[in-house]
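The structure appears below as structure tokens.
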Amino acid sequence: MKVGIIGAMEEEVTLLRDRIENRQTLARAGCEIYTGQLNGIDVALLKSGIGKVAAAMGTTLLLEHCQPDLVINTGSAGGLDSSLKVGDIVVSNEVRYHDADVTAFGYEPGQMAGCPAAFVADEDLIALAENCIQQLKLNAVRGLICSGDAFINGAEPLTRIRAAFPTVAAVEMEAAAIGHVCYLFNTPFVVVRAISDVADQASHLSFEEFLVVAAKQSTLMIKAMLTTLAQRG
């Protein structure tokens, strides 16, 4: 088994990359892919860059060059669920774009033309993540994660997103693009992110302060998931 792991930023991948054994690096089109073994599993760790285009391009390179059996998107997210606080975990049941709008042609908010309204995470991977959450005794929510090419900071975008997606648990900038590409490649995926900020008017300040906390928590989750997969054989 080979596991693809995707993080957007240096802070989101460095703790994992430093632990990869027999590490090799592929640099292509602004992305870096690190291959080797981590916690007993063959891995391909992608640092994609920030935003939907970077995430889609990097995920495509990862799937084409490394052909992982599954993909886990790690990193940080802004919490919209009222129960979430910094360091808590959000696990995707589905991902959607919050900044796509072709509703004039009969599509749902966030739905791209010719595509599903949502990209649904793999149930077995969700169960794996939630099992690890229980083992680690972390606070977590399973729910909708919405993505767009904007850092959500202020009342107006929050109001718009919550109105269009009432069940949204968290927002960030890559997950829906990753889910979109995995859907096209028929590759199972799940998003497991740690909350770095609560999406309010001061979210940019808390993001800068707590990104390291979120990176440590999401890394803890990835390592636990890999260990469980290795034990299953």
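Every residue gets a Cβ built from N, Cα and C, even glycine.
The substrate site recorded in Swiss-Prot comprises Gly78, Met173, Glu174 together with one of Ile41, Ile145, Ile152, namely Ile152. When secondary structure is read from DSSP and collapsed to three states, Ile152 (substrate binding site) falls in the coil class. Those same-chain residues not listed among Gly78, Ile152, Met173, Glu174 yet with C-beta within 8 angstroms of the centroid of the substrate site C-beta atoms are Ala77, Ser147, Gly148, Ala150, Phe151, Val171, Glu172.
Of Glu12, Gly78, Ile152, Met173, Glu174, all annotated as recorded positions, the residue with the shortest Cα distance to Asp197 (active site, proton donor) is Gly78.
Taking all protein chains in view, 26 other C-beta atoms sit within 10 angstroms of the C-beta of Gly78 (substrate binding site). Counted over all residue pairs in Gly78, Ile152, Met173, Glu174, the record's binders of substrate, the longest Cα to Cα distance measures 13 angstrom.
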